[in-house]
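The block underneath contains the structure these notes are about, expressed in structure tokens.
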Amino acid sequence: MSSLRGLYGHKGDTAGQDNLGVDYVICYKVPPKERAEAEAGFVQVVESLTRVGLATEVRSGDSDSLLLFVKAASPDLLARHVYRSRLQDWLGGVRTSGPESDVSRSLRDEPVTEAERLRIVYQIITRPQNEGGAGISDSASSGPSKHVAAVFPLHDQAFNKAWIQKWSGKYTIDQSDIDEIRDKFGEDVAFYFAFLRSYFRWLVFPSAFGFACWLILGQFSFVYTLGIGLWSVVFLEYWKKKEVDLAVQWGVRGVSAIQQHRPEFKWDFETEDAITGEPRKVYPHSKRLQTQLLQIPFALACVFVLGGLVVICNSLEIFINEVYDGPFKQYLAFLPTVLLVVFTPTFSAVLMGAANVLTDKENYETTDSYHAALVQKQFVLNFMTSYMALFFTAFVYIPFGDILLPLLEFWRATAQVVTFSDKALPTQKFHINPQRISSQMFYFTVTAQIVNFATEVIVPYVTHKATAKAKELQGKKAPANDPAEEVDFLRRVRDECELEAYDVTGDYREMVMQYGYLSLFSVAWPLAACCFLVNNWVELRSDALKIAISCKRPIPWRSDSIGPWLTAIGFLSWLGSITSSAIVYLCSGSRNGARGTTSQFTAWGVLLSILLAEHFYLAVQQAVRYVMGKVESPGLQRERKERYLMKKKLLQENLGEDAAEKASAPGVETTEKITRATLEEEARQASVRGQGTAEEMFWQRQRGMQETILIGRKLIAQQAGRSGTKS
């Protein structure tokens, strides 16, 4: 594992940093009670890897595991697989032109990046045997791969060190930095950093605009609502074009159409493909739809369970902080937070397990469709846990505080019973605190971001170090029989084997939820964008640090977009226009501390504000799309250029370069000159053959551009002469 000391160590300190040509490490567990089965499985794993042309080396891991090192046995094997992969991309429409038939020339013209090499080797390892792979997977529950705990590439220590030091010493991240990530970690991770970089740069406007509105207009400003709505539309449409440009630049546009089949897919019957004529495994859509209908009770369960928890804890917090005036108030104020901290992860884990089971039951054929369905359910869960407290404050507490009185009375009676006292509890009159939502927004935009940084980077690093130290004290680490020249290397590999796998979905989820806070509720605290701007500057670097020291190196998967998260951002942008306008209508009268009552508002007023805001959003969206549609996209322009060059090349190869030039635009130099001798020869051949057709005679009168110009000039001169004679 990389360490902070390793990342910032001296240049000469390179012990154990070389990967020794290893592409992948397979961590193979050997449980003492299943040693015979594990040994037989290990033999089959090595045989499967060798059969597909991969070289292997084995070393001891911990006391109950082996480390199997894998690399391509020869450059020719890797070259053939790279060529085959690029050819499949061309057939699938990802590439505009096929690779050169000369493999060596093709790889010389388009060198293989480290990410491409690691991706292809991983596919060789994990692809089913009937498709030419070794069939090794770390998710198998039976077979030779049953005891495979992890398959991962090793970190490039030199790159990680230069990466972290470079990003720590510069204020802004440019496109070349993103391209480096793409070459090392693949397009899937690169798209996340590209999105975060663009999002960070676009936060400058709402930060400046929000700060100005906070100084001049305060919270619940209609002007701020219009500004943030316009910004969200422009940013969303910009990113749609930006990710297309990046996909074209990286040569992965349309790669999502090349579906990766899930080994867990269970088909009901086979049918003949209408296009290829090959047998195709089918799972009826009607059966999947029946399972998908269970998403409705799943969503309702999320609303009732998580929503009920939020209502209970928030009403208890309001009672303790704003009504209760008895002993231990300063300590009891932490009780609602403790309840949320304890029960929210518990309920979320149960619901997330249900989401995983439900997605498995839906039985998707491809990895992309499975991932999109799972992300949708995760988004519902995160939406509830992230925003329910703010919805409660904005739409219940501030405008309609009176309806909370029965709940507050319930908590007072409960406290009276719990204290076993006959005396009435000391309480104070309930007053609505209009700054409550600002305090909540401060927590979500400042405190929660700091906590996230600690839980993402610091806690895993410290936990791993403590676990490693404990294992070392128990004698489960680093066998003493390691070769002397491999001690540092094997120690690092064993450390990386214990790390968690990096999941870019978690980072996307964090940024999308943050975007939701800005779009939905920043009207209550316009300084939110300023906090997010600072946070995301740190986030860019902390996520890089997390990959470098706290997680296994990710598999360099390809992607042509940010996937289903783009739909989530579009939904939050639309919902933000409605929510912000409703919050302004309901809460703007409470800025001065006045108690909200239902008599101050009408249902028609709320509906009208929502209707106007939504129509404004849709009108702006159409206008922005129209304007951006007129702007030439560099990515699409490059794609059209590549297609033109490909067609020109095919024309030259089939007709010859000279013929292609003549067919495209004949010039003066390439046309045949007409002389009296050639005309007489043409006339002689015509008399020998007999009278030609009218078409032949017509096109034989002038041959070439020069003769046409000459005769045209003569005709013009003759016409001018006739005009002069008549005058």
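The backbone N, Cα and C atoms fix where each Cβ goes, and this holds for glycine too.
According to TrEMBL, the protein has these features:
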DOMAIN    21-138  domain 'Anoctamin alpha-beta plait'
DOMAIN    181-642  domain 'Anoctamin transmembrane'
TRANSMEM  223-239  transmembrane segment
TRANSMEM  296-320  transmembrane segment
TRANSMEM  332-358  transmembrane segment
TRANSMEM  379-400  transmembrane segment
TRANSMEM  515-538  transmembrane segment
TRANSMEM  562-586  transmembrane segment
TRANSMEM  601-620  transmembrane segment
Contact call for the transmembrane segment (601-620) and the transmembrane segment (515-538): at least 3 Cβ pairs under 8 Å, seq gap 6+: no
Beyond the flanks of the transmembrane segment (223-239) by 6 or more, those residues with Cβ under 8 Å of it: 195, 198-199, 202, 205-206, 209-210, 213, 217, 518-519, 522-523, 526, 566, 569-570, 573, 576-577, 580-581, 584, 613, 616-617, 620-621, 624-625, 628
Leading contact stretch, 296-320, 332-358, 515-538, 562-586 vs the transmembrane segment (379-400) - CB distance under 8 Å: 296-320
Averaged pLDDT score, the domain 'Anoctamin alpha-beta plait' (21-138): 86
Intrachain residues whose Cβ lies under 8 Å of the transmembrane segment (562-586), provided they are six or more past its termini: 191-192, 195, 220-222, 225, 228-229, 232-233, 236, 239-240, 243, 256, 368, 371-372, 375-376, 379, 394-395, 398-399, 508-509, 512, 515-516, 518-524, 596, 601, 605-606, 609-610, 612-614, 616-617
Other parts of the chain folded back onto the transmembrane segment (332-358), taken as Cβ under 8 Å at six or more residues beyond its ends: 291, 294-295, 298, 301-302, 305-306, 309-310, 312-314, 316-317, 320-321, 324, 374, 377-378, 381, 385
For the domain 'Anoctamin alpha-beta plait' (21-138), the number of residues DSSP places in helix, strand and coil: 60 helix, 21 strand, 37 coil
